[in-house]
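Asker: Here it is: the structure, laid out below.
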Amino acid sequence: MRIFFLLLFTIISIYAQDISITANGQKISNFPLEIYEDKSRGMTFSDVQNLTTFQSYTSNISKGYSDSAFWIRFTVKNSSIEKLNYFIFFTETYLNKVDGYIINADNSFTEFHYGVWYLTQSQRKDIVKPTMAIELNPQEKKTVYIRMFSKYPMFTAIHLFDEEGVDDFSYLVKLFHIFFLGAVLALVLYNLGIFFFIRDISYLYYIFFISGFAIWQMISIGVFPFDSFQSTFSFYAFSMAIPLFQAFLMLFTRSLLDLKHQLPQYAKLLKVVAYLYIVFSISMLFDPARSLFVMNTFSTFILPLLLFVGYESYKIGNKIAKYFLIAQFCFLSMGTLFALAAYGLLEFNIFTRYGIIVGSFGEMIFFALALAYRIKVLETEKLEFIELTNKELDQKVQSRTQELQIAKDKLEKLANKDSLTGLHNRRALFNESSKFIQLAKRESQPLSLIMFDLDNFKNINDTYGHAVGDEVLKAFAEQLRHVRESDIAARIGGEEFILFCPNTDLESATILAQQIRTRTEELAVVTEDTALFFTVSAGVSTLDFTNDKKIDDLMLRADKALYEAKNKGRNSVVQFK
């Protein structure tokens, strides 16, 4: 019988489905993988490589609350004819430890380590989504092992994206949260203004409730100022916001429905529940995992209780209760999906992960409507003040929206610039060059490319230090920046630069390269002790109208010419003919 099972696992291993990437830019989600639960949390990478007890699963991982570590395994194959640079991308930041191992062709492996635990163990203070780079040559395949452990629910998704795919996904998630947090900010400011005018404690409870929920969401995605923590402890300490916002929900319910006067027995009950949530909040400082599990189990019974209390209030004629019931239904319906997925009973997907945010926003809106209903009983002067507050709020929201747009524009501009030299980076160069290449081929206009490489740059770094090396790079970048307005100058990595020259033939580009080489030879970078001189070599190529399709083709030939220039003794320019 044992031989039979060994044979069975061998067959499963042999025919395990590889994850095939057929072209650059392909986005792969919810893909099949294998998973193993390490209940001891003591197994090493070497131990699990020989295991035959992995089980089939998907990359949408929902294992609930567990003291176990989970190992996942999958194989990625490059089925295309080009080299691929991809990323294994996690959607969540709050996992305690994520240790990745990618087995290379020579049986060596590349390690990656992410997670909240490393906030204390390393110099890294920013909390980020685990993102593991994987390079695949044509037809190459690599096996990936990842160990995961979480003090929160094991609740995440893993995707395979190229760099653009990671950027697109991150942009959409951040945009979604920006809209949500912007709306929460508007609600906070609106209700804060009303509170200062009428001094109704219900508004203050409401503000603390929605602010606590927003802080929880900001921590979960790593939004400023909750994107950097001094230690693992400080990360979990901020998780106190989770039980606190529920405590304020209890207090808000008591005040909104006026339970103290209408249903005093329920008012006392909700007050006790609020205190229990405060106890949960304090316990998060000592045992966040167990506290969160107990609190969520407790909430499974408490949140439906709020529906019952709201219904009882509605039965005795409280018209505000109808808004409360609709609000609670919005949150409870989506919150139930989230809770079931957190317990490992539903799959991680867009509805179970982000539905609670939509539901909570609906809840906030209807709570706001319930509060607004109370305003009808106010005196005329109070209503006039609220109108004035609304106008001021609109201006603040518009101002905030403009600030967000300006910040977004700045971020997009920074994403296309090399941070050291201010020149275009590789990404921007590739984006800009494609339209010029198409135009040149359509109009039969010449187009050339010059690839520069600073000579003996490593010796400069080793001798004078990286600070001086940076000054050398910036000095040469200034040479390129002021050559010709029509050219595109870019730093593509290290000491390598590109000058992309539209409407320029090979001979003209070569002359231009010689001029830059000569000026560079005369350029001095002043250090504390002396004036440092350096040289540069260049390779020049021009557009082949028949065969060239993208800038890579010109770069390949320019690189060959540059290599020849280096072999000639450096400080020279060579054409590719």
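Keep in mind that glycine also has a Cβ here, set from the backbone N, Cα and C atoms.
In case it helps, TrEMBL gives these features for our protein:
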type     : residues : note
TRANSMEM : 175-198  : transmembrane segment
TRANSMEM : 203-224  : transmembrane segment
TRANSMEM : 236-257  : transmembrane segment
TRANSMEM : 269-286  : transmembrane segment
TRANSMEM : 292-311  : transmembrane segment
TRANSMEM : 323-345  : transmembrane segment
TRANSMEM : 351-373  : transmembrane segment
COILED   : 390-417  : coiled coil
DOMAIN   : 445-577  : domain 'GGDEF'
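Explain the structural surroundings of these features, please.
Answerer: Listed by sequence, the residues of this chain that lie at least six past the ends of the transmembrane segment (292-311) yet keep a Cβ under 8 A from its Cβ atoms are 65, 151-152, 239, 242-243, 246, 249, 253, 257, 259, 263, 266, 270, 273, 276-277, 280, 284, 321, 324-325, 328-329, 331-332, 335, 339, 342-343.
When Cβ-Cβ distances below 8 Å are used as the criterion, the transmembrane segment (323-345) is approached by residues 62-66, 153-155, 253, 256-257, 296, 299-300, 303-304, 306-307, 310-311, 313-314, 351-353, 355-356, 358-360, 362-367, 369-370, 373 of the same chain, each at least six residues removed from its ends.
Taking Cβ pairs closer than 8 Å, the transmembrane segment (351-373) reaches residues 62, 91, 155, 157, 176-177, 180, 183-184, 187, 190-191, 194, 202-203, 206, 209-210, 213, 217, 252, 256, 319-320, 323-324, 326-328, 330-335, 337-338, 340-341 in its own chain, all 6 or more past its ends.
Here the domain 'GGDEF' (445-577) has, by DSSP, the following mix of helix, strand and coil residues: 58 helix, 37 strand, 38 coil.
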Asker: State the residues, same chain only, that lie 6 or more residues beyond the ends of the transmembrane segment (236-257) and have a CB under 8 A from a CB inside it; answer 'none' if no residue qualifies.
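Answerer: Residues packing against the transmembrane segment (236-257) from afar: 116, 151, 200-202, 205-206, 208-213, 215-216, 219, 226, 229, 263, 267, 270-271, 273-275, 277-278, 280-282, 284-285, 288, 291-292, 295, 299, 302, 306, 309-310, 313, 318, 320-321, 324, 367, 370-371.
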